[in-house]
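As recorded in TrEMBL, the features of this protein are as follows:
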COMPBIAS  150-159  compositional bias 'Basic and acidic residues'
DOMAIN    54-230  domain 'NfeD1b N-terminal'
DOMAIN    402-457  domain 'NfeD-like C-terminal'
REGION    141-167  region 'Disordered'
TRANSMEM  262-284  transmembrane segment
TRANSMEM  291-309  transmembrane segment
TRANSMEM  315-332  transmembrane segment
TRANSMEM  339-358  transmembrane segment
TRANSMEM  364-387  transmembrane segment
Amino acid sequence: MCAERKVEQVFFRLKIKLSIILLLFSFGLCPLPAHAVNTALWLDMEGAIGPAGHDYIKRSLAKAAAQNAHLVIIRLNTPGGLDTSMREIIQEIIASPVPVVSYVAPSGARAASAGTYILYASHIAAMAPATTLGAATPVKIGGFPSDPDSSDKKPENNQHEQAGAEDAMTKKIMNDAVAYIRGLAQMRGRNAEWAEKAVREAASLTANEALAEGVIDLIAVDIPDLLSKMDGHTLTIQGQEITLSTQGIHLQHLEQDWRTRLLAIITDPNIAYILLLIGLYGLILEFAHPGTIISGVVGAVCLLLALFAFQVLPINYAGLALILLGIVFMLAEMLVPSFGALGIGGMIAFIMGSIMLLETDIPGYGISLALIATVALMTAGFFLLVVGMAMKARKRPVVSGREELIGAIGEVVDDFEHEGWVRVHGELWRAKTSMPLRHGQKVNVIAMEGLTLEVEPYHQHNSRED
């Protein structure tokens, strides 16, 4: 019995030791909580603000929240961008449980137009020396710019009504933008009066002026300097006050992934325009020559990508309609040659539609005139070649058909008296005659009824001179 108790005690002690070892081992395997590592995520937003920028910010803020990051730094350098994308980014910033710092950098960078709104919406706004912000006036989207001298002219009745409607729309857009940026300023405790001035008068400020006006919170030379100056700063995040601790913080740079880069490429207006044309011409080629497959597949994919891009871009549908109409006219010129009338009209519609397609003053959201000119010249050259070939073909003598067969010389294939077969221009034809013919005998074609030739024995004076 004593031996059994001793064995039980030994096993009991072994169990305790193993349990302690496993417990310690499990602690060693388990990762430390995310908040144990003080992390700041750093993003770069360069160029015009659009759907790709919104996707980048949205995914990055979600990752920051999942990692329980201490803060997110957005390094801004933008001339502005799309209103819809800007508002979506601002909504993401406001809803973020992680503090967002917008930092206009490096020196020489700017946060113009939409960038100013994002700066105002951020929990902390900072700028590098020799940077600027402002010029937040909403720009016109679609149509042609108004005549600057129109205010000096006396509008007639219908012009007066149109001008009044345009003025009302301009006021609506302006007042909405003013209310929006003032709301952001009041939420973050920044200068709301200057914010309104930036919208109504397109005012701009340097970094030092912005700090003096209470538009930004601090000026930093670089990101390490920014982190140092933010240490101990108190913020209100979703109703709770927090104090930033940035001493010894780990900085993690989040670059754009392939999805964001692809979205940025597709939504580039010039790329979207090229994709549209490749898609249209690919489908046209497939319908003209069924069975090529590759042209249809490439055309369909490019057209779908272009339509996706146009869904998020401020396109002018009148311009898109003109492009399609121009292509239809040029195709009609190929099928029913009109000596250039349809082709020229189609080319004019194509060029005008291309210019109007993305008629906007938003920086970075216009189609290059050089690209339009290049595509128009290539298209014009192609259709001029087609028209030239059609006109030359009309001037050539007939080389096939009824006119060519009548008077031609053929050869009898087999003996026959009334109906049989003859060979004309290397082709077999059914023939009829009023007199017997022998194999190998030469005949003249004197008439044609349907697909049957009427022939007679060859006579030298009846033959056509070649």
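Cβ coordinates are placed from backbone N, Cα and C, and glycine is handled just like the others.
Highest Cβ contact count with the transmembrane segment (315-332) among the listed stretches 262-284, 291-309, 339-358 falls to 339-358 (criterion: pairs under 8 Å). Note on the domain 'NfeD1b N-terminal' (54-230): mean pLDDT across this stretch is 87.
Per DSSP, the secondary structure of the domain 'NfeD-like C-terminal' (402-457) breaks down as 4 helix, 32 strand, 20 coil.
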